[in-house]
Amino acid sequence: MRQKRKGDLSPAELMMLTIGDVIKQLVEAHEQGKDVDLNKMKTKTAAKYGLASQPRLVDIIAAVPPHYRKILIPKLKAKPVRTASGIAVVAVMCKPHRCPHISFTGNICIYCPGGPDSDFEYSTQSYTGYEPTSMRAIRARYDPFLQTRHRIEQLKQLGHSVDKVEFIVMGGTFMALPEEYRDYFIRSLHDALSGHTSNNIHEAIKYSERSFTKCVGITIETRPDYCMKRHLSDMLTYGCTRLEIGVQSVYEDVARDTNRGHTVKAACESFHLAKDSGFKVVTHMMPDLPNVGLERDIEQFIEFFENPAFRPDGLKLYPTLVIRGTGLYELWKSGRYRSYSPSDLIELVARILALVPPWTRVYRVQRDIPMPLVSSGVEHGNLRELAFARMKDLGIQCRDVRTREVGIQEIHHRVRPYQVELVRRDYVANGGWETFLSYEDPDQDILIGLLRLRKCSEETFRFELGGGVSIVRELHVYGSVVPVSSRDPTKFQHQGFGMLLMEEAERIAREEHGSGKMAVISGVGTRNYYRKIGYRLQGPYMVKMLK
């Protein structure tokens, strides 16, 4: 049979040849120890076969032969930063609902877009519906099961490991929704991982524990006034391990003028209660709010990181954006509000990042809202990178957890740790003694793993934590995702750092805190790890009596 010439081939056949050629070049480059620019390779190869468009990354990944997958998939992985911290994050959105404080303040926060009464009516509160997570949620009609399944499949196609998943529940104040809906939503997340259809939360969690894809944590976005004792107890039942609390400003006058509907004092109380329950606390903060100014903005972040009433474990920094349909938009239109200039904003963010202590992680530096929807505010999509460049000019450093993570360092700087040692930092926060233990390479300032230990204060309301108990609020070894039951000598997960951190934490709890019991707030999927080292389940915590 006569072989077809290139001119006789269909576009689909030419695309198959292009993909095969790209894979062949990648294999050759690997065997010769060369680094390649995948985008240039795809463009050049597509042109060679007369194609106007490049082959899609998912198609190249799908076509990699089985015996080359282990070698090539890490090189092909789209946005490797997504799983560089060792966990695949799956963001899901609850259904659109009104903000809870409308009933007593009469309106939403002045800068808040989205929600059922906004110009973006099919979006959730504080989102426009055009963010990537919002669009995925709308396509799934806000069904939590479908959102999870679709996102996990998408991450797999892009070459990411999804053996360990952390959920982020977004879309306004989740804890203000009816209990029946909340139970259904969380149950669906666990069922999407296990494949089992559960009748209640406890059944869903039981099956999720044994799932191949482990739920290592759930993060819930909330407000300080929906972070009280009953809310915290419900969230513990769900398997939640981290809270994202919207604070926005440490100034009471700013909270009042922006119609937040809660006080800063309430935020401090919620931090105390949350940490005494074992939660990791991440806060949302907004520089450039009305009636603040550059000087007050810098002062509030000094207060935020130095005052023991705040001192969060993580930060999402969201510079104020002016978006159509908000109260702030009307102030801006009438000339009563002006955003910082781009250079002032970069300078401010650089100064804020320099203040961040080494035990705090900066998760984000700007919102995901598409620029065409922004009337005034951030003008650059790469604000973090511009702030880092400014810091370099000023001779100052950002030493937050994310910047120093081993996985991030390897991706951005091709740097691996050489001399690893245990580092201990103690500080007081929210009425308790905190110890931040980490394995680091001090010379290169690279972080391999961390543990957050807290001596619970006497005000803790959970009976499991009363009477002299220390609690591990976080244990995390960084580096690319490695399945829970396997080892990879080139990765840092599952090499024993977690066990060493736990041993040191138990020693501190026993000898320095004088605690008779150690508790761990553990993701549902990691409970078996703690069972192997002598812990048992008590309520939502894994606990162990200390000799």
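Note: Cβ is positioned from N, Cα and C throughout, glycine not excepted.
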- Message: Looking at Ser161, Ser194, Ser485, Ser515, which residue has the phosphoserine feature per Swiss-Prot?
- Response: Ser161
- Query: Of Cys94, Cys99, which one shares the [4Fe-4S] cluster site with Cys109, Cys112 in Swiss-Prot?
  - Reply: Cys99
- Query: Can you tell which of Tyr142, Tyr181, Tyr184, Tyr530 Swiss-Prot lists as binding acetyl-CoA with Lys164, Glu474, Leu475, His476, Val477, Phe497, Gly498, Met499?
  - Reply: Tyr530
- Item | Candidate nearest Lys229 (N6-methyllysine) in space, where candidates are the binding-site residues Cys99, Cys109, Cys112 and distance is Cα-Cα | Cys99
- Message: Whole-number answer please: how many Å between the C-alpha atoms of Tyr251 (phosphotyrosine) and Cys109 ([4Fe-4S] cluster binding site)?
- Response: 15
- Message: Neighbours of the [4Fe-4S] cluster site Cys99, Cys109, Cys112: Cβ within 8 Å of the Cβ centroid, same chain, sequence order.
- Response: His101, Asn107, Ile108, Ile110, Tyr111, Gly115, Gln125, Ser126, Asn259
- Message: Give me the long-range Cβ neighbours of Cys109 ([4Fe-4S] cluster binding site): same chain, 6+ apart, Cβ under 8 Å, in sequence order.
- Response: Cys99, Gln248, Thr258, Asn259, Arg260, Gly261
- Item | Where Lys229 (N6-methyllysine) falls in three-state DSSP terms | helix
